[in-house]
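**Q** Can you keep this structure in mind? I'll have questions shortly.
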């Protein structure tokens, strides 16, 4: 197969990929470069190779949105296996310890109560095999070399934790729990599994992991790499909705000011918002669901500016100066998808 030339495709968009197991997030980026014929491609939330699920991908100038699409809360479905611990705290690693699983672990009532108790703020020790840098070197690189890694605990929060099922296991499969977690940025599900095992008196690890939500992007909106290769730009999502920000419209002279990155008095950018709805379809359904916002801009608030139904700029409000200041301008605009 001839090698695809990756250059400037003229595309600027965001898509959601349902990452398959067995490939890295960087592998997905490379595949998207080939699909779109575009070298400027990036993701906004790393998934471990064994994990599946939501992976936002920015293409072309839209890669500049990456800084604004990170740091969101996440939701996962995870299978936690008990009775064996690994060096990576997941099934991709080598088993380094085993232990008998207490009977209470298999009690659904006890398991549900234990999982619910994980909700709240805490300090969490990241896995030794992680991308956290220590003295300029990624932790997993040092761990693979057999070096002792001194990682600092991190502040994390579990917003929601629910038991989905208990499996007793058999001669081949370990006992396990299926759990749903909603967590803050920086939370390692592998560490939650490892620490659950410690608390219950037996080693544990992540047997399977699927990210079902990242910020406002859900698994239902993501497509496989195979489907993406067929759809290409028709898979584009609305970045304004994914950012979760209010927005304004610019035409004529105002659009020229925005394109030039001009600072704008508050009165020049009336703000609009989507009507509250629980339907993802309605949220993407054109301007019928839009209304003018009654709330004044807040200091530091990020807003999107739209021209000809494309995202052309991001501004932040400076309350002290009563004006909007430029954060990012997209000269060719970012696509809002075919359904907008």
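All residue numbers here begin at 1 and follow the chain in the order shown.
Each residue, glycine too, has its Cβ placed from N, Cα and C.
Sharing the record's features from TrEMBL:
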ACT_SITE  48  active site, nucleophile
DOMAIN    33-189  domain 'Pseudouridine synthase II N-terminal'
DOMAIN    190-231  domain 'tRNA pseudouridylate synthase B C-terminal'
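I would like each feature placed in context: is it buried or exposed, what are its neighbours, and how far apart are things?
**A** The Cβ neighbour count for residue 48 (active site, nucleophile), using a 10 Å radius over every protein chain in view, is 23.
A mean pLDDT of 91 is what the model gives for the domain 'Pseudouridine synthase II N-terminal' (33-189).
Sequence-distant contacts of the domain 'tRNA pseudouridylate synthase B C-terminal' (190-231) (same chain, at least 6 residues past either end, Cβ-Cβ under 8 Å): 15-18, 20, 28, 31-32, 35, 44-45, 47-48, 50-56, 69, 72-86, 88-91, 93, 97-102, 104-105, 114, 118, 124-127, 158, 174, 176, 180-183, 237, 241-242, 244, 280.
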